[in-house]
Amino acid sequence: MDQQFLSQLEQTLHAITSGVGLKEATKTLQTQFYTQPTTLPALIHILQNGSDDSLKQLAGVEARKLVSKHWNAIDESTRASIKTSLLQTAFSEPKENVRHSNARVIASIGTEELDGNKWPDLVPNLIQTASGEDVQTRQTAIFILFSLLEDFTSSLSGHIDDFLALFSQTINDPSSLEIRSLSAQALNHVSALIEEQETINPVQAQKFAASIPSVVNVLDAVIKADDTMNAKLIFNCLNDFLLLDSQLTGNFIVDLIKLSLQIAVNSEIDEDVRVFALQFIISSLSYRKSKVSQSKLGPEITVAALKVACEEIDVDDELNNEDETGENEENTPSSSAIRLLAFASSELPPSQVASVIVEHIPAMLQSANVFERRAILLAISVAVTGSPDYILSQFDKIIPATINGLKDTEPIVKLAALKCIHQLTTDLQDEVAKFHEEYLPLIIDIIDSAKNIVIYNYATVALDGLLEFIAYDAIAKYLDPLMNKLFYMLESNESSKLRCAVVSAIGSAAFAAGSAFIPYFKTSVHYLEKFIQNCSQIEGMSEDDIELRANTFENISTMARAVRSDAFAEFAEPLVNSAYEAIKTDSARLRESGYAFIANLAKVYGENFAPFLKTILPEIFKTLELDEYQFNFDGDAEDLAAFADSANEEELQNKFTVNTGISYEKEVASAALSELALGTKEHFLPYVEQSLKVLNEQVDESYGLRETALNTIWNVVKSVLLASKVEPESYPKGIPASSYVNADVLAVIQAARETSMGNLSDEFETSMVITVMEDFANMIKQFGAIIIMDNGDSSMLEALCMQVLSVLKGTHTCQTIDIEEDVPRDEELDASETEATLQDVALEVLVSLSQALAGDFAKVFDNFRPVVFGLFQSKSKNKRSSAVGAASELALGMKEQNPFVHEMLEALVIRLTSDKSLEVRGNAAYGVGLLCEYASMDISAVYEPVLKALYELLSAADQKALAAEDDEATREIIDRAYANASGCVARMALKNSALVPLEQTVPALLAHLPLNTGFEEYNPIFELIMKLYQENSPVITNETPRIIEIFSAVFTKENDRIKLEKESTLGREENMERLKQFQTEEMKHKVIELLKYLNTTYNGIVAQNPVLAAVIA
């Protein structure tokens, strides 16, 4: 060996261990030494003979990296000499860390040699040595075997039986806990070898499964020995077990979860170990959700997590630490338990998690233990994201709990309540804001009396959330004192973080107030404009300063939507220019805010915003093409190439990061692109091709933008359709034999269609599948079958239907990616709300197709009938409800051309008359009414059982009686059930009044009017009322004063809707159509004519009502 070369290498390595000239030494190693095969024997020589242990260890680490690159370039005699000497020094080296470096080099060489059967005696000899008398020798042999298994080569498969026999013995070694831990880790890698085989050997799988209790014993031993490092390593093994084929894990997964729960709740155990246990349970929910749900472990997990969440925390840190990032990443048992509750509530049905949390509210909130009171409020705050519908149904318990929290004498409980309200408003928005009268005085009082900056901040954030969603007609009485308060808060705080929260609250007040904000608009801009001056100059600004500037942009644009174009006009151009400056800065957050500003202004100015397209769109395209992934490496291309050659997979991964800031920026830029396309219509056409090209790349390659990019693609398609004067929902019904849009428009639709369908069958991200189906459902509903087929080609329609069918059967890739072979599908388990959403959107595709295809849909539905009707029988209320609701909508789509009337009617009547869920019964009533309306066959046999069921529903004493019957019935569900039942009765009476006892039916019907939701059901109700008046039926004429009251309420709501449409913030009332009291102008005219008739017939009775007097004037 060249001694000079060896000396130079050793000196260079020494520079790294000493830290002197580190960068130069690293570059020298990469470029001058590691490219030469002779470096490998030299490094091994230093490993065995180096001057100090740190040098030896570094030489071993570097040698291991070079084995795969240079080993086969070394002559055979040198290779043989190295193998012999390494085995000798591995066992004779006194220092453990050097022994381990030596062992890993042996393992790397073994991986190279074993594949060609060039070192056949290595494994047998090590297995024999591992069974020897000397503890250190056994440990070293097992460590080498473990390192070999860790490097993973399929040539080790021939030794699986020997490994299982050895490690099943050494895992119980009485003299060394380290040997036991290494054996457990080695067994983990053996499991990968067993799985790697073409067919899993059942005997080997059984032997491995039998070793799991021994792994658990090792975990118990290392915990008792306070060996946190080994405890972590064993938990890593358990996490890997979750990914194994169920043949290898047997029935032990449930036992492992229960063991982890015991460890998690044991406060005597080291905190880090308890966190590992909680993280294991989170992993089990991720990878073995079906097993957890099937075993009904959710309640046990929830109770344990609540117990851990109640543990004492550092109160001072909680109240004064403004670092929210640190809070989210904190790994204490308490914080990990809250994260577990958050994950469990999103993965498991509400019956297993959210309902358990709600059950614990009374006891925990009344506890003398302040940490229990804090924990239950935080538990509610995380449960709402995973189970919003269930939490909404429990508002009678949850709202009082949060109010009690706000009134609590302990600041940390107040803080938890504020966090809870913030999260509730995030997920349930206007439903929470309905309680503004209870919340606002308490929150303002907390702001006024806050002694801790975190409480002040969260109180402002909670205020912000409430203000944003307070109803338009409720905000007015608060505006004047609130705006004065917010201006004062802005002036009296120097902290950018706190000012940021206040600015958001001002924006939210504007959002809620709409045109009522105009008197405060100029003053608000005066207060805020100083935060966005010299927008491009950000040098020296803190993150909070930049966030304040960005937040100000976003909220001023929200004000623009509130006060609308005329009031905003004088500020528009200078602020758009400032936003353009923001987009050109180096700050991703400022660029993001600039795009948000542009998106809002496009909403306000629509086609008038077109002049800005030529400057804004190139910046949007530039942003969308930014890399979300970064490879962090200091050096030139030559250095990078050298590093890539020598680095292992782990080192390469460590250099690779995802920039979430860029992802957020791209998401907002994509949303801005949507608004510009929809707002500027034909002015956007020159940019369509480039938009689709860039967005398609994002759907294929992006880390966090795929769903948003796909939504934007369809918004671009929509803008093209609107620009070509295609009116939504005015397309030819049925299968299109040709194209009813021009060729250019069709080409854009086809491109979007291809993108959406491209990987749908193999898509494993549930959120992406939901997005694809939502987009298809929305676009087909608005623009017809051309969205999915054209010119007689139904191949894409068939492909989409196949994917919808697989979702409804539960066999789509996104539903089976974590499927567990030993867990049968169990319909007794309620669906999680995410699963329910997936089924909902799949059914919504069918509903849209039925509307677009009308009678032609019957051919499509024939394949779906068994699955849809099968869902009627599901034990999951969510699945039953959405399936019954969808079937009812399908009846509406097919109308008189429905060949399945008898079958659908029979199935829906069973649900109406027997289902325990009010929501399901209400949905069934809707469908039964429609089927009766459109049936061409004799359906008189269903009248008696259906009317009996409807009377029971409509005659319920009050809403509380219904709520007591079905604990999950929200006010919305109750109102919807009333509307559907009323509409059903009216349709049946219109179809065959002889079969309906009108004397009893009409008073019961009128008792539930006016409707609070489901206003489309007014159509048959109004038709029935008019028909009865035409017949001069005393059943209705005797009710004339009541009819006047009802129509007065209807026109009041219609007037409110029109006022809301004119005065509320642009885009706030997205479902304005649902508030329409009359589905057509024709129906409105007919009602007005009826009112005029009643006024004449009944001595001016209608004119006496001030609302209706204006209507008939």
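Glycine too: its Cβ is placed from the backbone N, Cα and C atoms.
As annotated by Swiss-Prot, repeat 'HEAT 1' applies to 3-35. Residues annotated as domain 'Importin N-terminal' in Swiss-Prot, with sequence analysis given as evidence: 25-92. If you look up Swiss-Prot, you'll see 208-244 marked as repeat 'HEAT 6', on the strength of similarity to another entry. Residues annotated as repeat 'HEAT 7' in Swiss-Prot: 252-287. What Swiss-Prot lists as repeat 'HEAT 11' is 430-469, and the listing cites similarity to another entry. If you look up Swiss-Prot, you'll see 472-513 marked as repeat 'HEAT 12'. Here Swiss-Prot flags 515-558 as repeat 'HEAT 13'. Under the heading repeat 'HEAT 14', Swiss-Prot lists 560-605, citing similarity to another entry as support. Swiss-Prot lists 607-680 with the feature repeat 'HEAT 15'. The phosphoserine feature in Swiss-Prot is assigned to Ser646; the stated evidence is a large-scale study or a structure entry. Look at Swiss-Prot and you will find 683-737 tagged as repeat 'HEAT 16', backed by similarity to another entry. According to Swiss-Prot, the repeat 'HEAT 22' annotation covers 999-1030. The repeat 'HEAT 23' annotation in Swiss-Prot covers 1049-1084. Summarising the annotation, Swiss-Prot assigns repeat 'HEAT 24' to 1085-1110 and lists similarity to another entry as the type of evidence.
Ranked by Cβ pairs under 8 Å to the repeat 'HEAT 23' (1049-1084), the stretches 3-35, 252-287, 560-605, 683-737 are led by 560-605. Within the same chain, residues 164, 167-168, 171-172, 177-178, 180-181, 183-185, 187-188, 190-191, 194-195, 250, 252-253, 255-256, 259-260, 263, 269-270, 272-273, 276-277, 279-280, 283-284, 287-288 sit at least 6 positions outside the repeat 'HEAT 6' (208-244) and bring their C-beta atoms closer than 8 Å to a C-beta of that stretch. Nonlocal intrachain contacts for the repeat 'HEAT 13' (515-558), taken as residues 6+ away from its ends with a CB within less than 8 angstroms of a stretch CB, comprise 472, 475-476, 479, 483, 487, 490-491, 495-497, 499-500, 503-504, 506-509, 564, 567-568, 571, 575, 578-579, 581-582, 584-587, 589-590, 592-594, 596-597, 599-601, 1062-1065.
Outside the repeat 'HEAT 12' (472-513) by six or more residues, the chain places 322, 436, 440, 444, 447, 453, 456-457, 460-461, 463-466, 520-521, 523-524, 527-528, 531, 542, 544-545, 547-548, 551-552, 554-556, 558-559, 561-563, 1056, 1060, 1063-1065, 1068-1069 with a CB less than 8 A from a CB of the stretch. Restricting the average to the repeat 'HEAT 12' (472-513) gives a pLDDT of 92. Residue counts of the repeat 'HEAT 13' (515-558) by helix, strand and coil are 34 helix, 0 strand, 10 coil (DSSP-based).
The repeat 'HEAT 14' (560-605): residue composition by secondary structure is 42 helix, 0 strand, 4 coil, according to DSSP. Helix, strand and coil content of the repeat 'HEAT 11' (430-469), in residues and according to DSSP, is 35 helix, 0 strand, 5 coil.
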